[in-house]
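A short write-up of the structure that comes next.
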Amino acid sequence: MNKKKKPFLGMPAPLGYVPGLGRGATGFTTRSDIGPARDANDPVDDRHAPPGKRTVGDQMKKNQAADDDDEDLNDTNYDEFNGYAGSLFSSGPYEKDDEEADAIYAALDKRMDERRKERREQREKEEIEKYRMERPKIQQQFSDLKRKLAEVTEEEWLSIPEVGDARNKRQRNPRYEKLTPVPDSFFAKHLQTGENHTSVDPRQTQFGGLNTPYPGGLNTPYPGGMTPGLMTPGTGELDMRKIGQARNTLMDMRLSQVSDSVSGQTVVDPKGYLTDLNSMIPTHGGDINDIKKARLLLKSVRETNPHHPPAWIASARLEEVTGKLQVARNLIMKGTEMCPKSEDVWLEAARLQPGDTAKAVVAQAVRHLPQSVRIYIRAAELETDIRAKKRVLRKALEHVPNSVRLWKAAVELEEPEDARIMLSRAVECCPTSVELWLALARLETYENARKVLNKARENIPTDRHIWITAAKLEEANGNTQMVEKIIDRAITSLRANGVEINREQWIQDAEECDRAGSVATCQAVMRAVIGIGIEEEDRKHTWMEDADSCVAHNALECARAIYAYALQVFPSKKSVWLRAAYFEKNHGTRESLEALLQRAVAHCPKAEVLWLMGAKSKWLAGDVPAARSILALAFQANPNSEEIWLAAVKLESENNEYERARRLLAKARSSAPTARVFMKSVKLEWVLGNITAAQELCEEALRHYEDFPKLWMMKGQIEEQGELMERAREAYNQGLKKCPHSTPLWLLLSRLEEKIGQLTRARAILEKSRLKNPKNPGLWLESVRLEYRAGLKNIANTLMAKALQECPNSGILWSEAVFLEARPQRKTKSVDALKKCEHDPHVLLAVAKLFWSERKITKAREWFHRTVKIDSDLGDAWAFFYKFELQHGTEEQQEEVRKRCENAEPRHGELWCAVSKDITNWQRKIGEILVLVAARIKNTF
């Protein structure tokens, strides 16, 4: 019992108890406390009831309060102006009209409360600040003194006295000292256990004496009577420290002897002995009582059913887990006596026993179970010598010649020639094992392998692997014409034997053949099974999915076979030709791509994209005349095709044939006068420096296509390039009248006004653009950046908040919002952005830049990879990725990013378009533009 807590605390007071009466205090009672007189025989006693329930007066008040629910309509409760103090109809029903009236009054109260709410809150805030300035907190008053606490040293801290009234505490709270004699059992116990010091004094000499630390002292030559050195004999105590040292020495000697002996090599590992001991310690978290219960239950099971093998195995494993390995061994050996025909018991006994003993256990098991394959395998595993393993397995095969597992284990230990001989015998003993037949075929010569596979087909006519292996054998020996026949015969034979042709399994086999290098076999398998089990209307879709799956599994020849078969079935489908062409472009050679495109344009001459891909392939290879000839053929098939005209113009302009490009554009304007043709004509003259011709062509184009915004943009940019700001503004304004929903036109006009210093006008233009084009992220982004460039960061943040409310799923806005925040809040903002736009490339790019700014290189590289994977057309992502690798990557990584960018050929991105569409960079390649954009990036984010 706690000495401080009294036993009567928390108990009800005895009857008639008066507080303080024991120390002389006198209480008094009144009539209201006593209450009315009561009979002496009345058992009820309310003198100690809670307040408010003790007297009759309290009960009367309670009854009166219960009656107060009724309306008090007395004249004393009536006022001429306000009427009755309470509601006259409080007891009436609360109807819908009353609810509407209350709602109206509540709305009025709320409206009145909101009036001047901001002024009231501002006034209250100022009053609170004024009050805190006049009456600061104690914490604020001592803040300057608290700073000086940093100068206090550790010694000064320790010298500060404890807080408390220590004047006469002992006199006020006297505590009697208790003395208890030490029992004799205490001394006897410590005398028996040899209690003594276990620490060694650093001054101790070799024989136990102490070196006197002072110059004038003497070195004690011999140990004293009870010094930490050699213990004085005759004391009757034991030195436990020396006993432990002797035991460790003895253990080292035994381990050394064991490590030197050959027979103990597999029994004890001296270096790992302590590790083995630790592994024997039970690692479970169960209660010791649970172990005892389990032990009793298992004992009961063993006694009631001693011939039940799982009981013996479970008992042995329980003892093993608890660390009693020898008990476990004894139990399992007794289990082998009770269950000599149980394979599991013998295997468990062999597992628990050490090396040589385990061999003896297995030998005994073989005598009881001479047909057990698992015991023979365990016996072979226990042998360390290869010859001994072979001897065990051959002995096993004498007893169990039809075990495939034993044959496989024996063959794995043999040399190729001996293995071939053993497999010849194995297929005789196990004629239904496909693995043994195939292994024998792989070890035989070509002619013998064919004979082996023929015998295998006779013995196992329902297995497809034998047929596929035969096809691979013919392909490996150059008989590719036999591959197709073998696969066709396989399908026919398997169906004749009642085997269902599983299309997915055959496709997996074809992929394995592809990975093994058997191209002809995989293609033959694909052609044979690709159309099995598919509805006619689902063929195209299913085959395209199969091709994509093969590409994902890196089985390119299988995918090529699928495309070839699909093109035979659908020779006029442009989409199939395109998929096959893109496959060859990404995974094939230039020659295979061009050959495929030649076949494609022969079957689909109206497919412009196929002609253009062929011309581009020739042009990239440097064969410009071949590209021209392809485009000429394309003109014949598509005489008024805008795409082919523009491709021809680009081909000539890229090869500096400007006059030929002009003539082509002139012909195109006469035969196919489209807006894009006019735009390319204007741009050609513009980049060549013929500004007058460009302006004339632009005016002519606008007369025909005044609703084409890019023409108005080019007109304004040409004027802006010549420093003719008024004419540029007029061009943009005219363009916006014709194309009010063109975001780039609004941006160009706004930036023009900002460039000449008209910030207010630029802001007004953007506000007007947002009214005409609501929920436009590009316009909101430009508005935010305009304020940010002007130094008005608060207004920029406010606009960004409004923009995110209007366009909550805009990735470009969220990416900008991340870097508008202060550094500590950027990570939180990026999490919000990812929740809203998980797969937006701008948000992924912002996260990559965020990790880059925090110098988390690995994570930044991972997020850059995600960005370019999800949208390879975003040039800004490639530029930032390349800049990142320039600073933190190797030359190989930089080159990889550049090559991937060139293959992706990005066309979009704010920074990318600013460089790629610059007139001075019109002839630059993708790789050069990438370098220029990366050079413009300054990682100040």
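First residue shown is number 1, and so on along the chain.
Heads up, the Cβ atoms here are built off N, Cα and C, so glycines get one too.
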Would you mind telling me which one of Ser32, Ser91, Ser143, Ser830 Swiss-Prot calls phosphoserine? Ser143
Cα separation, Ser143 (phosphoserine) to Thr180 (phosphothreonine) (Å, whole number): 53
Going by DSSP, is Thr180 (phosphothreonine) sitting in a helix, a strand, or coil? coil
Averaged pLDDT score, the repeat 'HAT 5' (588-620): 90
By the 10 Å Cβ-neighbour count, the most surrounded of the modified residues Ser143, Thr180 is Ser143
